[in-house]
């Protein structure tokens, strides 16, 4: 094999022999990114960023453009696949202590924030009823910022309400941000290769490493093939599974939907926002639900890196997973009992996981040192 630096980046990269299937999601995310950029380009060619024509242009893409329905569905459902993969990728990082590779973790969370911003801007583009109202509610949170809030919101909207300038700038941002994601992904991979991947046992992998290609690259192909198969099955047979019925109607600023909610991948943060009966408090909790991930490298106190041999941390981790799913479910429901109470309890449990990491680590160290 020729010793070229690009081949060294991927092919000759030494990787621990014992990394499991949970390490496959990085390559799956890269595949999702390529798919989103390609389908997004073909959609942008036919899309019109104008409030009178945006909805009609989506209908035109779906009905008249050859394979337009496939591009549109692949792009929409591909975004959901992207978020499924990234949430599993982050969960694996939390479970196996990958966050101790600080630079890689920080670049990864920055990637998540950029991806969420890109997805939000993209959700507005079809100019459906739910697109319009979700954008109104989420961007309106900026008004909670003391002193600067109203000016910031007006600046973002390009006027005193969401209108044509808002759609134009959201389209521009949705087009440019994927290139920032590509740059950040490259940085993420470079930083990862600087220190090397962790492994399920949390041991020093230097004693037992093999080349990434052909061993791990072929292992990655299995889940990659399953993901693509799953994606095409949904696109072909259940294309509207993640869509909101309200979004099949053109945006009408005079009619408010009965229940405003963003796409499912934002619902955990939206559920935390709704659980606090105060605008500024809710906005801060929403930001904190993502930003708290930045703290994990600094709150790790356990002697062992992964949770593989730490039962207390495992219990809290699986509580976090079930909490995440419960908040997402509760956020799809109306703001009424018992869903308000469920959202509040699960929001508290969500933050408890991150606050309990140092205490549990200290307790586990004590338990292990006890003869």
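Quick reminder: no glycine exception, Cβ is built from N, Cα and C everywhere.
Remember, predicted model here, so these are calculated numbers, not experimental data.
Positions annotated as heme b b562 binding site by Swiss-Prot: 75, 174. Following the DSSP three-state reduction, the secondary structure of residue 75 (heme b b562 binding site) is helix.
Positions annotated as heme b b566 binding site by Swiss-Prot, on the basis of similarity to another entry: 89, 188. With a cut-off of 8 Å between CB atoms and residues at least 6 apart in sequence, the same chain places 104, 107, 108, 111 near residue 188 (heme b b566 binding site), listed in sequence order.
What Swiss-Prot records for 193 is ubiquinone binding site.
Taken from Swiss-Prot, the feature transmembrane segment covers 25-45 (among others).
Within the same chain, residues 22, 25-26, 28-29, 32-33, 35-36, 39-40, 42-43, 58, 61-63, 108, 112, 115, 119, 122, 227, 230-231, 234-235, 239, 241-243, 263-265, 293, 324 sit at least 6 positions outside the transmembrane segment (69-90) and bring their C-beta atoms closer than 8 Å to a C-beta of that stretch. Marked as transmembrane segment by Swiss-Prot on the basis of similarity to another entry: 69-90 (among others).
The feature transmembrane segment is assigned by Swiss-Prot to 105-125 (among others), with similarity to another entry given as support.
Under 8 Å from some Cβ of the transmembrane segment (170-190) lie the Cβ atoms of residues 9, 29-30, 33, 36-37, 40, 44, 47, 49, 104, 107-108, 110-111, 114-115, 117-118, 121-122, 124-125, 135, all in the same chain and six or more residues away from its ends. If you look up Swiss-Prot, you'll see 170-190 (among others) marked as transmembrane segment, on the strength of similarity to another entry.
Annotation comment: Swiss-Prot describes 218-238 (among others) as transmembrane segment, evidence class similarity to another entry.
Annotation source Swiss-Prot lists transmembrane segment at 280-300 (among others). Same-chain residues lying 6+ beyond the ends of the transmembrane segment (280-300) with a Cβ under 8 Å from its Cβ atoms: 90, 94, 97, 99-100, 102, 105-106, 109, 112-113, 116, 141, 144-146, 268-270, 272-274, 347, 350-351, 354, 357-358, 361.
Among the features that Swiss-Prot reports, transmembrane segment is placed at 312-332 (among others).
Residues or ranges marked as transmembrane segment in Swiss-Prot (evidence: similarity to another entry): 339-358 (among others).
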### Message
Please identify, from the binding-site residues 75, 89, 174, 193, the residue with the sparsest Cβ neighbourhood, meaning fewest other Cβ atoms within 10 angstroms.
### Response
193
#### Entry: Leading contact stretch, 105-125, 218-238, 312-332 vs the transmembrane segment (339-358) - CB distance under 8 Å
312-332
### Query
Which residues, given as numbers and ranges, are at least 6 beyond the ends of the transmembrane segment (218-238) yet have a Cβ under 8 Å from it?
21, 24-25, 27-28, 31, 70, 73-74, 77-78, 81, 85
## Note on the structure
Among 75, 174, 193, i.e. the binding-site residues, the one with its Cα nearest that of residue 89 (heme b b566 binding site) is 193
### Query
To the nearest whole angstrom, what is the C-alpha distance linking residue 75 (heme b b562 binding site) and residue 193 (ubiquinone binding site)?
30
## Note on the structure
Lying 6 or more residues past either end of the transmembrane segment (105-125) yet within Cβ distance under 8 Å of it, the residues of that chain are 47, 49, 54, 79, 82-83, 86, 89-90, 93, 98-99, 131-132, 134-135, 138, 166-167, 170-171, 173-174, 177-178, 180-181, 184-185, 187-188, 191, 262-263, 265-266, 290, 293-294, 296-297
## Note on the structure
Integer Å value for the Cα distance linking residue 174 (heme b b562 binding site) with residue 193 (ubiquinone binding site) is 29
